[in-house]
Amino acid sequence: MRLFSSLKPGLAVRKPAAFYFSWVWRRFVSAGSGLKMSRVNLRVEPDSKCLFDRPVTVKVDGLAPRQLVTLRATLTDEKGDIFSSSARYQSDGKGRLDLSESPALGGDYSGVQPMGFLWALKPQSPWKRLMKRDVTTPYKVDIEVRSGGEAVGMDTPGPLLASCAHERGFIGQGVRRVPVREGRIRATLFLPPGEGPFPGLVDLGGTAGGLLEYRSSLLAGHGFAAMALAYFGFEDLPERMWEFHLEYFEEALRKPLHSGCVRRGGVGVVGISKGADLALSVASFLPGVSAVVSVAGCNANFMTPLQCRGSTLLPGLGMCLERVRVDEALGGVLDLSDCYEDPRDPSLQGCVVPIERASARFLFLVGEDDQNWPSTLYAAEAARRLGAHGRAPPEVMSFPRAGHLLEPPYFPHCRASFHKLVGAPLLWGGQPQPHAAAQEQAWSRVLSFLKESLPGEVAPSRL
């Protein structure tokens with residue numbers, strides 16, 4: 001009787017041998033050594049898919065008790081740039097990890113940091129910044145657990161134990177994305193689920209230019225009708241920051257106010273960096289603004305003259321490029337922090353935004369390690385000016401060891417990145433862990449501040 005007549009020569013020996021060794025190993029592990037074979041399970045809770053500003057918990061079970069492992073996360077952005085993070089962990093007595101309770105022992109972050117795998121992502125190529133361009137697609141984060149926690153690095157990985165994919169999106173269920181190309185306006189309006197009307201806001205980016213939608217899309221997930229507004233470097237808008245016209249922003253404000261989807265009684269304006277001083281100007285010179293969020297902004301009109309009806313409303317606060325420093329320790333990054341003219345100079349008062357004219361409430365968010373410019377000084381000067389005119393003081397949130405780029409939560413800290421207008425990498429400042437904590441606190445306050453300051457109740461999120 002030929003038991004293996006249909007098999008190729010040699011295969012009849014190898015398959016029974018493999019079966020035999022597998023059987024012997026299982027007997028040895030279960031009986032001889034007292035250990036149990038189990039499958040390592042890696043998962044993201046409460047869901048493997050969520051919006052980018054929502055927290056999650058990474059959990060692992062099936063490890064050996066007190067086993068040292070490395071948790072690695074990798075994200076590839078739309079340009080193909082790779083960002084990764086690694087940290088060492090030790091499982092508990094039952095072979096489990098829970099990042100909301102288990103401390104990282106070292107690596108790119110340490111201590112109990114449930115979202116450290118995300119905010120500690122670092123680019124493999126220098127001077128890259130993670131900045132979402134297409135909000136209609138999610139980021140995919142590949143998470144893996146590898147054995148061994150003694151060495152962390154891309155060149156010394158241990159054997160793979162488990163992996164999973166985690167998606168972080170920007171447009172929540174029921175949120176509508178509406179491109180706006182009316183008159184001169186180049187924008188995208190994000191509307192929450194439901195009929196509305198909703199509390200509305202305009203969202204202004206910084207000197208990166210273009211149309212950046214990620215903050216507006218996330219704000220819509222919290223019940224706001226949020227319009228991301230480009231003001232240079234997009235489609236037929238001016239390519240560079242030659243001059244800005246107040247009439248453009250006036251037209252932009254009319255769009256949400258007159259669309260029927262936004263509650264009357266005032267809108268909010270949120271701006272970061274250059275967009276922040278524009279937000280102050282919009283609130284100071286135009287009616288209908290009830291709340292302003294200035295993120296790492298200046299209290300004066302920076303660089304680019306603001307025109308209105310053919311005349312200069314605010315000249316630009318200039319720079320002294322002779323004071324640029326090159327940080328050789330960081331590979332030639334430009335440090336501009338000492339280059340700016342001082343808005344306290346009596347001869348430059350014409351550049352300062354007269355925010356005492358505004359009827360809006362103000363929230364200033366600043367990082368105390370802002371290496372782009374002294375945003376803490378600018379916020380203090382804005383508060384001083386309001387007080388000098390008998391106005392209520394603004395709310396200022398100042399974050400130790402946080403830098404310039406205060407993004408929505410869980411965006412990776414970016415200490416320096418290439419700036420296309422300058423043509424070189426610029427220093428933004430901040431330390432990863434304090435900066436990440438600042439982003440979480442700032443975002444929470446932005447949401448509550450807008451809910452308090454804009455008319456009517458925010459529609460409850462169904463996300």
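Sequential numbering from 1, following the chain as shown.
Using the three backbone atoms N, Cα and C, a Cβ is placed for every residue, glycine included.
Residues or ranges marked as active site, charge relay system in TrEMBL: Ser273, Asp370, His404. TrEMBL lists 245-454 with the feature domain 'BAAT/Acyl-CoA thioester hydrolase C-terminal'.
DSSP assigns His404 (active site, charge relay system) to coil in the three-state reduction, outside any helix or strand. Reduced to three states, the DSSP call for Asp370 (active site, charge relay system) is strand. Between the CA atoms of Ser273 (active site, charge relay system) and Asp370 (active site, charge relay system) there is a gap of 11 Å.
Taking the Cβ of His404 (active site, charge relay system) as reference, residues of its chain lying under 8 Å away and at least six apart in sequence are, in sequence order, Ser273, Ala296, Gly367, Asp370, Gln371, Asn372, Trp373, Ser375, Trp428, Gly429, Gly430. Cβ neighbours within 10 Å of Asp370 (active site, charge relay system), excluding its own Cβ and spanning all shown chains: 26. Ser273 (active site, charge relay system) falls within neither a helix nor a strand when secondary structure is assigned with DSSP, and so counts as coil. Neighbour count (other Cβ atoms within 10 Å of the Cβ, all protein chains): 26 for Ser273 (active site, charge relay system).
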